[in-house]
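What Swiss-Prot records for this protein:
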| type | residues | note |
| --- | --- | --- |
| TRANSMEM | 36-56 | transmembrane segment |
| TRANSMEM | 64-84 | transmembrane segment |
| TRANSMEM | 90-110 | transmembrane segment |
| TRANSMEM | 135-155 | transmembrane segment |
| TRANSMEM | 162-182 | transmembrane segment |
Amino acid sequence: MKQFIDFIPLLLFFIVYKLDPRPVEFAGHGFEFGGIYSATAMLIVSSVVVYGALFLRHGKLEKGQLLTLVACLVFGGLTLAFHSETFLKWKAPVVNWLFALAFAGSHFIGDRVLIKRIMGHALTLPETVWNRLNVAWIGFFLVCGAANLFVAFTFQDFWVDFKVFGSLGMTVIFLVAQGVYLSRHLHDADPSTSKPKD
């Protein structure tokens with residue numbers, strides 16, 4: 001459910017982007033609805049609404065959600081202010097690389113890597129597996145950031161589709177691969193598997 005809620009602003013962005021631009025009047029003001037700039041405005045507004053509602057309900061936002069919201073406001077705001085989609089194209093790479101930096105930094109700061117802090121309450125794994133998993137997430141975010149940057153500046157007509165569905169597909173594939181990997185190692189930390197049989 002949380003992943004779906006986080007996806008709502010991006011989905012609305014995609015829908016508005018795909019609309020043919022058309023003149024619209026609201027409160028006595030005329031503007032063009034549809035295309036990249038209307039979609040960017042929708043992304044900003046819907047992000048504020050969604051994450052604002054989550055904050056009111058839970059009293060806080062997760063760090064990842066806060067980073068996503070701030071990046072949306074900054075890069076989306078710059079896109080509208082300078083009327084240049086270049087700023088928005090940098091949003092996904094920068095966010096992914098900041099996540100990679102956070103995961104990498106956790107190897108040197110604190111007593112647990114970041115993935116263990118996130119998933120440790122639900123899984124018991126050997127420390128070496130946690131470390132490998134954390135490194136895998138670092139690689140995933142680096143690759144996602146690079147892929148988004150490459151597509152955004154190489155395939156002008158395709159980058160929004162990739163931003164929404166390509167990144168989602170990469171995430172699903174990675175999570176499936178992670179599940180397969182974890183299934184091979186969960187028993188390593190299960191005390192019951194190390195007990196001798198009578």
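Don't overthink the numbers, they just go from 1 along the chain as shown.
Cβ from N, Cα, C; glycine included.
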Out of 36-56, 64-84, 90-110, 162-182, which stretch touches the transmembrane segment (135-155) the most, going by CB pairs under 8 Å?
90-110
Can you work out which residues elsewhere in the same chain, 6+ from the ends of the transmembrane segment (36-56), have a Cβ less than 8 Å from its Cβ atoms?
5-6, 8-10, 12-14, 16-17, 19, 21, 65-66, 68-69, 72-73, 76-77, 79-80, 83, 85, 88, 160
